[in-house]
Each structure stands twice: as C-alpha cells, then as structure tokens.
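What follows is one structure encoded as structure tokens, with my remarks underneath.
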C-alpha cells in the first residue's frame, strides 16, 4: 500500500501501529539515507568518476595495481564525509532504534554519519566498514580520522584539486610504524563483511521471527543485504520501503511504500509513534 506516494494518512497510521506492535524489526539503510546531508551515492562525489568501473576500483587487486587512483577516489569521498553532518533522517532512525528494543540496523553506508548520532551501537552493524578509519595494509596500525589534518594526504589531495596537480605515489598515506601503505577502512569486493557479518546477522534473523523489514534509501539490489530481506520475507515478515524511486522488485500490494524525502518521512513516522 502506498504511503507518502499517495499522500494517504491512513497508510501512515496503519504503518505506525504495525511498527509499534512489532516485536522485532530489521532495518536496512543505504546511500539514500545520507543524500540529504549532501553526499552523493557510492558512484562518487565527482562526475569524473562516472566512467570508472567501480566494481573494479573497489577491490584489493586494483589497490595493489594503482593505489593512486583508488586513494584519490576514496580520499575525495572521505573529505566530503568529514564535511557532512547527520541529517534529520539519521537522527530519527537513531531515535527509533533507541525506542524499539527489538531493532537491528544494517548500515551499508561508509560515511560514518549514522555513527555520529545516538543510535545504540549494539543495534547497529556497519557491514561495509567506514571511511573514517584508515588502517595499515601490513601491520595492526589504524587511525580514526576526525579532520583532514589527521591524514596529510587529504590536504595534498585538496591542494591537487585546487591546483590541477596530479597526485603522486609519494603523497599517499604511509604507516608510521612500518612505512607500508595505509588503506581506507572500507570493505572492498571480495573481502569479508565488517561488524561480524554475515554470521551475526544470520544468527539474529534465526533467533526469533521478524515482524517487519524497513528498507530506507536502498535499492535492495546489493547482496547479501537483499538476501537477508528475502529470508525475512520468506518467514512472513512485512516490508516497508522508504525511497525516492518506486522501482523495487520486492514491492507487493500488502507492503508499505513511502516515496519522497527520507529526511521528512522518517521524522514523520517517529512523530506518529510519539502521539
């Protein structure tokens, strides 16, 4: 059934009542959650990246072959993430997770914005890692990045963009302990998911029935996230989708679809629960 798409208040109320009555809720979030914060989808922060094969770029092999290109891409994204702030959707989601004891959020974003809210960490799994941790490719060194000065390469990257200067291999961040290259703390294709996934999620899903799956700002096309939705649906979980597009393979007549600005929709749902 349509919610924001049709503008029907009854769908909103019905959904809020169902959410309140649900004992376990699985929430998957994607790039659309951070779009109101000014962050582009994972295809990049710059139109120059649109012709790049990102599946190839986001891989250990590509980093070994061409670390300058890989670091330039992720460095731009990290700079944008450091400039961004959590939006109303992030804060509403955090409030929902605090309110509902049976809530689990699977975060597919790497911008670190949801982690800056009050979202309970015990109910948040950021399965693709985060840009805001940079780690060594060889030893156990890692650093939490709070500002560009924490990684001088980010400053050189910003200067290179301003001056049309190419980034050199010597500009890339190196480990202060062993001098080997540092890398972004994100999960690349072919690597194991972060936050104990998929095992922790499979265990959580199998513990007790899930009443409701919420997909917010995600296309549900990336596996294994889409597979977890399929598993919950096979066990008769209801589905609610919040997105700007309505082209979703899993939408049925009995599902909820809220089309529009996620920074408006999630706070509205939260407000309905507070009444």
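Every residue gets a Cβ built from N, Cα and C, even glycine.
Automatic prediction, not curation, is the source of TrEMBL annotations.
As recorded in TrEMBL:
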type	residues	note
ACT_SITE	128	active site, proton acceptor
BINDING	136, 139, 175, 178	Zn(2+) binding site
DOMAIN	1-275	domain 'Deacetylase sirtuin-type'
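Here the CA atom of the residue listed as 'active site, proton acceptor' lies 17 Å from the CA atom of residue 136 (Zn(2+) binding site). Within 10 Å of the C-beta of residue 128 (active site, proton acceptor) we count 24 further C-beta atoms, all protein chains included.
Within 8 Å of the centroid of the Cβ atoms of 136, 139, 175, 178, where the record puts Zn(2+), the same chain has further Cβ atoms from 137, 138, 140, 141, 176, 177, 179, 180, 182. Here the Cα atom of the residue listed as 'active site, proton acceptor' is found 26 Å from that of residue 178 (Zn(2+) binding site). Here the domain 'Deacetylase sirtuin-type' (1-275) has a mean pLDDT of 89 out of 100. Sequence-distant neighbours of residue 178 (Zn(2+) binding site): residues of the same chain at least 6 apart with a C-beta under 8 Å from its C-beta are 136, 138, 139, 141. Taking the binding-site residues 136, 139 in turn and counting surrounding C-beta atoms within 10 angstroms, the largest count is reached at 136.
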